[in-house]
Every structure is written in C-alpha cells, then in structure tokens.
Amino acid sequence: MSEELLPPTLQNILDQKSLKWIFCGGKGGVGKTTTSCSLAIQLAKVRESVLLISTDPAHNLSDAFGQKFSKDATKVNGFDNLFAMEIDPTSAIQEMVEQSDSNGMMGSMMQDLAFAIPGVDEAMSFAEIMKHVKSMQYSVIVFDTAPTGHTLRFLSFPTVLEKALGKLSTLGSRFGPMISQMSSMMGGEAGSQEDMFAKLESMRAVITEVNTQFKDPEKTTFVCVCISEFLSLYETERLVQELTAYEIDTHNIVVNQLLFPKKSSNCEHCSVRHKMQQKYLAEAHELYDEFFHIVKLPLLTEEVRGPEKLKEFSEMLVKPYQPPQD
C-alpha cells in the first residue's frame, strides 16, 4: 500500500470557505446519511448557516436526528445555525402542478405534452427545489442524495427542459391559435400556453445557472461514501468516472463500517471479514491515494442516532480514527 499523500480527513472541506454545494453519495446502506449529517455538524462550527437537504424518499434525516423534518427548512435541535429539510421530488412536482394556473383546455394540454417527455417531471421538481433553496441564502448546502443511479440524473435536466421547450414551441405555433380559440369558447382562460412556456423557461434558467455552479470546484464538491467490499468499491469507481465526465469535483472518499478486531480476539468471522476489508481498502488506496483524501471510519457497536451521537461521530471526519490497542 502506498503512503498516504493527503490527510485522511474531511478537514479540507471545512477549510474551503468558497464551497456552496456539497453532495454526499454512494450505494444504498453505506452510511451516506450519517456522513452527511456529521459533515453538516462540523460545517456548522465554521460556517454562518448550514442547510442539510435529503432528496432520498426514504427520509433518513428525521431518523438520524430523532426529529421530524419536512419540506420546509427546520432548525435542528441543539444547533443555532444548522437547518434540515426532506424533499420528495415526486410529490414536489404534484404540488407544483396543482398550484399552477392550468385552468382551461390549453393549460392542461400543455401540461400533458410537457410531462410526456421523459424526465420533465423530475427536472421541473428539481428546479422548484433549487429556486426555493437559492432564495434562502444559506452559507453552504449539504445534500444527502438518493442511492447512486439517481444521484447524477439532475445533470441532464437542462437538456431535458430544452427539449420540452422546443417541443411545446413547435406544437404551440402549429395548433396554438386553434386550441386557444376552442379554449376561450369553452370558458377557459387565455394565456395558459404563455404561462407554461414562462414556467419552463424560468426553470431551465435556474437549472442551467445551478449546473454551472456545480461544475465550479470552488463552489461544489462531491463526497463519495462506500464500504470496503467489491460491489461498493466498483460503484464508487463508476461514480468517480461519471463525476469526472460531468466535470464535478470529487477528492474525498469516506470508507465506512471498517472492522478493527483486537489481536486477542478469537472471533473467526471478524478476522475473515477484516482480511477481506483490508484487501479492498488496499485497492482503494492504490486507485485514489494520489488525488483523494481517504477517510476510514469504524463499524460501531451501536447505531449513530440523535444529535449527541452524531456530534461524537462527526469528530472522526476531522480527526483520524485510532483503533483501541490491546
């Protein structure tokens, strides 16, 4: 195993005061939520205000802190400047549709056309979330993302909305006058087509601006969370490749749930598992040592739940964990 070139902590994230967006992502069940909550706690010590957002429909933030969060930013108990919110992208789009002024035939037809394009509903709900978040003026925003696969989908959203705008524009210019006439004859409101265009256009502008920020390493970074097993490491490598292709900065990997059996321990299961973990940990070092901070966290005997346990756990992100000696 080559010598570690970069400190095995996330202190670099706390030191980089220009960061605005921090994503924590990886395979399901590797401890993303615990990591993102712990990182947010550490950031709250050095930044003016921190917002922690979960876009995972499983809503693990409430479980982690033992406090109910909703789609509105709520102050986390025990902190003055840490806020959390849980968003379900699918319900966000539903609410938006209900709130939008879609009376009359034109409005509903335009909506149907827009949503017939794959990914438009997700893109629009993401834009709504971003519009909301941007208006809130937090110093830094930490995303606890859904498991890998969904994580990077938002990067294709500007293209998706461009497509929706193009399609609506073509259909609107062909059939718009006729449908508007029919709509007004049936008592519908005029201008629904323009409303729909305006909504899509403003959302596209928001997503394009946000994506530009996501590609700026001064403003955005992605923390990959994994465990020391083949599938998780494979998934992490895929994630790193994808992030690189999308030009999103990533230079921190958190390896969770590591076993450190005592020499005197005669637990066969523990030593076999420890050996396997060390093998994949060596591979991780080989792959990432040069450009990544690799943070090693232990498998604990109890769950990390509640503000106090999370505060305690968060210290291991900035001070390397030392396994107890025999």
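Note: Cβ is positioned from N, Cα and C throughout, glycine not excepted.
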Which of N12, N211, N252, N256 belongs with K27, G28, G29, V30, G31, K32, T33, T34, E229 in the ATP site listed by Swiss-Prot: N256
Surrounding CB atoms that lie within 10 Å of the CB of T33 (ATP binding site), all protein chains: 24
Least buried by Cβ count (within 10 Å) of the binding-site residues G29, G31: G29
Cβ-based isolation winner (fewest other Cβ atoms within 10 Å) among the binding-site residues C267, C270: C267
Recorded positions (D56, E229), the one with most neighbouring Cβ atoms at 10 Å: D56
By Cα-Cα distance, the member of recorded positions D56, C267, C270 nearest E229 (ATP binding site): C270
